[in-house]
Amino acid sequence: MRVSYTELKQQFKRVLLARGVVEATADACAEMFAETTESGVYSHGVNRFPRFIQQLEAGDIIPDAKPSKLLALGAIEQWDAQQGIGNLIARQMMDRAMQLADRHGIGLVALRNANHWMRGGSYGWQAAEKGYIGICWTNSIAVMPPWGAKECRIGTNPLIVAVPSNPITMVDMSMSMFSYGALETHRLAGNTLPVEGGFDNDGNLTRDPATIEQNRRILPMGYWKGSALSVVLDMVATLLSGGHSVAEITEDNRDEYAVSQVFIAIEIERLIDGKTRDEKLQRIMDYITSAERDNPEAAIRLPGHKFPPIRAENQRNGIPVDDRIWARIQAL
Ligand SMILES: NC(=O)C1=CN([C@@H]2O[C@H](COP(=O)(O)OP(=O)(O)OC[C@H]3O[C@@H](n4cnc5c(N)ncnc54)[C@H](OP(=O)(O)O)[C@@H]3O)[C@@H](O)[C@H]2O)C=CC1
Ligand SMILES: O=C(O)C(=O)C(=O)[C@H](O)[C@@H](O)CO
């Protein structure tokens, strides 16, 4: 089915208000969930809303918590999210990183006690839309075995790098070959995965999303490389924020909350003039997309470039929502 942006936002807001979230916060949070969904990231928009509500009801998300600044070291600041709403506080932290970048050329905000920010790309895009390079990442609860292991000890820790090209080029990727949100999307659509995403219970590579959702033997992206990158992203986020590592989140908390995140904005206007910037970026994009195609029917595309057309289509025709997910949200 397809649902309008207005209907989607209204449903999210109704559910939040019914749980005592104050009007302005409910409105802003519902708007971010609706925007994420309208942009085409269904896995971390509408599909993830019931899980968000479960964490709100459990008290892991504290809706009226306000972030507080703990430390300022020039271009670096350390903040405590106090377990507030993940997407709203993440947006605020990237805004703060941009303010620091205006003064110092670069701004870095490290955040402790944060909650799941949903689509990490929202915050990279937010920076790139304003002309900055945006880089951010988060750690998570242990949901992936390190390379060579069967037991989950590392996070999916998505990394986002957004560049203010026209259109915006942005990598937004989990350290697993598929995020759990992507596994769910494939399972709901009745699809097998396009490439192996993990191991089955006998240790064979599998393309079955449901098996991997259950046994959590998910593959790191790039095999050992994703495993290694996940580890250092966790270490750096933990050190910069003074917050919890994947080990601490997993061993000390009941569930995935109080994670650590990093937001970096780089102001490029003083490094390169606008005309040269645009020419250089265009040359990079043209060089890549003009490569001889493997499949003549499949265009070479750049990460992030799909979002403006998807959003425009969803604005025209309504936003696709899985019937089962929609029924769950209406019942909340
Ligand atoms: N704890 C957390 O906060 C977590 C959050 N997430 C969120 O889940 C969302 C989905 O993540 P994930 O499933 O890993 O993302 P995907 O695997 O769908 O995509 C990863 C990256 O690969 C790019 N890409 C995919 N196909 C191509 C292609 N053919 N050519 C060029 N680039 C390509 C994507 O660009 P494009 O976007 O254009 O497709 C994207 O930048 C993200 O928003 C992420 O932040 C995920 C895990 C944990
Ligand atoms: O993988 C995802 O999708 C995701 O969003 C996550 O946060 C973690 O991998 C995990 O919390 C999923 O249960």
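Placed from the backbone N, Cα and C atoms, the Cβ positions cover glycine too.
For reference, TrEMBL has these:
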ACT_SITE  H44  active site, proton donor
BINDING   I168, T169, M170, V171, D172, M173, S174, W224, K225  NAD(+) binding site
Kindly assign M170 (NAD(+) binding site) to one of the three DSSP-derived states: helix, strand or coil.
strand
If you count the other Cβ atoms within 10 Å of each Cβ, which of the recorded positions H44, K225 comes out on top?
H44
Taking the Cβ of D172 (NAD(+) binding site) as the centre, count every other Cβ atom within 10 Å, in any protein chain shown.
23
Just how spread out is the NAD(+) site if you go by the largest Cα to Cα distance in Å among I168, T169, M170, V171, D172, M173, S174, W224, K225?
29
Expressed to the nearest Å, what is the distance separating H44 (active site, proton donor) and D172 (NAD(+) binding site) at their Cα atoms?
12
Report, as a single number, how many Cβ atoms besides its own are within 10 Å of the Cβ of M170 (NAD(+) binding site).
24
Residue among the binding-site residues I168, S174 whose Cβ has the most other Cβ atoms within 10 Å:
S174
